[in-house]
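Trainee: Quick one: structure below, then a few questions.
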Ligand SMILES: Nc1ncnc2c1ncn2[C@@H]1O[C@H](COP(=O)(O)OP(=O)(O)OP(=O)(O)O)[C@@H](O)[C@H]1O
C-alpha cells in the first residue's frame with residue numbers, strides 16, 4: 001500500500017523538500033506507487049495477554065517507527081498536510097481526533113476518513129494466522145475480542161513514514177470509507193497499535209478468492225455461477241464508478257468471496273478518483289488484465305480500464321485459463337492486437353498516446369475474438385465480451401450497460417449467491433502458493449540432501465560440534481558475502497526508464513560470472529523487484545507479471561516463464577517463489593541470498609546486464625519483428641543465465657569446500 005525507501009532514513013531537509021514538492025506536484029496523488037523501494041517488514045509475533053494472544057510487532061520495528069513518527073509529525077506540522085485537498089478539517093476537528101487517539105500524522109493525511117470513528121486498540125484482537133501477503137501489507141485472520149467475530153487485519157506497510165507511502169495509504173483508506181456496497185469490501189475500522197505505531201485495517205474475513213476457487217481441481221463453474229460472479233463484480237464496480245473511483249487492479253485474486261458466494265471487490269491499493277484534472281499514471285493494472293490504452297501510455301483514461309479487466313475475467317471463467325497472458329508489455333500488446341484487432345487510424349490520430357510510435361503496427365490487425373472463442377464461450381457471453389474487450393475504450397460501454405446485456409437477461413439466469421455450492425476449505429491464491437512452495441521446498445530439500453551427500457561425504461564426517469558449526473557456517477556466509485557488496489541497481493541503473501528499453505533483471509538463483517574487473521556484481525535484488533503475484537488458473541500454472549508495469553518485472557517474469565517452458569515442466573514454482581518475495585524485502589540483508597542475483601550480460605564484454613535498448617525496432621512499427629527479436633533475446637538471456645548459474649554453483653561449492661577445509 002505504500003512505498004518504502006530502503007536506503008534508510010532521510011534527512012529532515014530532504015523530507016521537507018519532498019513534502020513541499022509533492023504538495024505542488026500535479027501527479028502527486030497518482031505518482032507511480034511502485035517506483036519506490038520497500039523495506040523489510042517487521043515480523044509479527046504473539047505476546048501473551050492473559051490467556052489470549054494479542055497483536056504485537058517486532059521491537060525493532062517499534063523503535064524505528066516511533067522515532068520516525070515523531071519526526072514526521074513535526075515535519076508534517078511544519079509543511080502542512082501532504083494532501084490539503086483530502087484533509088480539509090478544521091483545527092477543532094483535528095484536535096478532537098488527536099485527543100480521541102488518532103495519530104496526528106494520520107489526521108493530517110486522512111482526516112475525513114476518520115470521521116465518526118475511534119481507533120481500535122491492538123489488544124482487543126487475537127491474531128490467528130497469516131492469510132495473505134501483498135506488496136504493501138500482510139493480512140491476518142484474527143478474532144475481534146469485543147464481538148467474537150472473525151476478521152481480516154491488513155497490516156499496512158508504510159515504513160520510515162515515506163511521504164509517498166503515507167499518501168497511498170491515506171488514499172486507500174479515504175476511498176474505502178467512501179464506498180458502501182455489498183459487493184465492495186467494507187473497511188470496518190482501523191487499529192492503531194500504541195506500542196508500535198503500526199496500523200491495521202480491519203475487514204470482514206472472506207474465505208475464498210476467485211483465482212483460488214477457479215484453480216481448485218474438481219471445481220467447475222456452471223454458466224449461472226459465472227453469471228452470478230460477473231454480475232456481482234459489475235454491481236460492485238458500478239458503485240465504485242458512481243462514486244468516482246477507479247479500481248485499477250481488477251483480477252481474480254482481488255475478488256474475494258464469502259461462504260455464501262457473495263463477491264466483494266478488494267484491494268483498493270491502486271485505486272484513484274477518476275474526475276481529476278491531473279494526468280493519471282498508466283503503470284497500473286496487472287499486465288494480463290491491463291487494457292491497451294494503458295500499455296500505450298494513456299494518462300487520461302477512465303472507468304473503462306476496469307471494464308477491460310472484467311472482460312478478461314469473464315473469458316477466463318469460461319475457458320479456465322487467462323485470456324491474454326503476456327510475459328512482457330510488448331508481448332501483451334501483441335496478444336491484444338492479435339485477438340482484439342488494432343485500433344483505427346482515427347483512434348491513433350486523436351488519442352495521441354505516448355507509446356503509439358512504438359506500438360502502432362504497420363498493418364491493421366483484424367479482430368478475431370468471436371472466432372477464437374466461439375467454441376468455449378456461449379453466444380450471449382461472447383456478445384458482452386465483444387463490448388468489454390473493445391480495443392478503443394469509448395466502445396466498452398459502462399458497468400450499467402453491461403448489466404443490462406443479454407448475458408444477464410437470458411437463460412440460464414445468474415444464480416443467487418446463496419444457492420451456489422458452498423466451498424468449505426478456504427481457497428485463495430495465497431493458499432495455492434503456500435502449497436506449491438511447500439512442495440517445492442520438499443523437492444529441493446530432497447535434491448540438496450543428495451547433492452550434499454555426494455559432495456561433502458568426506459567433510460561431513462568431520463564437522464565440528466553444533467555451536468562451532470554454526471559459527472563456521474556464519475563465517476563462510478560472511479566471507480562469501482564480502483564480495484557481494486555492490487547493489488546492481490545502484491551500479492547499473494543510471495539511465496532509468498528509457499522508453500521501451502528494458503534490462504533483464506536479476507533472477508534469484510541465476511547469476512553471472514564476475515565482471516571485467518573481477519569483482520562479482522552480486523546482490524540481492526530489491527529496488528526494482530516490486531509488485532507481483534502468481535496468477536493461477538485451472539489450466540495454466542503460469543506467472544503474472546508485476547502490476548507495476550515495470551519492464552524489469554515484466555522481463556524477469558518472461559525469463560521465469562521461459563525457464564518453465566524450457567524445462568518442459570510447465571511448472572513455475574521457482575517463478576512463484578520469486579514473485580512471492582517481490583518486494584525484495586524479506587531477504588534484503590540475508591547474505592546467503594545476496595549472492596543469488598546479478599544482472600545478466602549482453603554482448604560487448606559487459607557481462608553484467610542485457611540491455612534491450614528500445615524501442616527494439618524504433619520507428620518502424622513492425623511489431624512482428626520486434627516480437628521475434630524480443631523472443632530471441634529472452635531465449636538467449638535464459639540460456640546464458642542457466643550456464644552462468646551452473647558455473648557459479650560450481651564456483652561456490654569449490655569455495656565452500658576450501659573454506660571448510662581451512663576452518664577445520
Ligand atoms: N478481507 C479479507 N479476508 C480474507 N483474506 C483477505 C482479505 N483481504 C485481503 N485478503 C488476502 O490478503 C491478500 C493481500 O491483500 P491485499 O490484496 O488487499 O493487499 P495488497 O498489499 O494490496 O496486495 P497486492 O500486492 O496483491 O495488491 C489478498 O490477496 C487476499 O488473499
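Every residue gets a Cβ built from N, Cα and C, even glycine.
What TrEMBL says about a protein is an automatic prediction, not a curated fact.
The following feature annotations were taken from TrEMBL:
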type: DOMAIN; residues: 125-408; note: domain 'Protein kinase'
type: BINDING; residues: 154; note: ATP binding site
type: REGION; residues: 400-468; note: region 'Disordered'
type: COMPBIAS; residues: 426-440; note: compositional bias 'Basic and acidic residues'
type: COMPBIAS; residues: 451-461; note: compositional bias 'Basic and acidic residues'
type: REGION; residues: 583-606; note: region 'Disordered'
type: REGION; residues: 641-664; note: region 'Disordered'
type: COMPBIAS; residues: 641-653; note: compositional bias 'Basic and acidic residues'
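Help me understand the surroundings of these features in the structure.
Mentor: Under the three-state DSSP scheme, residue 154 (ATP binding site) falls in the strand class.
The residues of the compositional bias 'Basic and acidic residues' (426-440), classed with DSSP into helix (H, G, I), strand (E, B) and coil, number 12 helix, 0 strand, 3 coil.
Across the compositional bias 'Basic and acidic residues' (641-653), DSSP assigns 13 helix, 0 strand, 0 coil.
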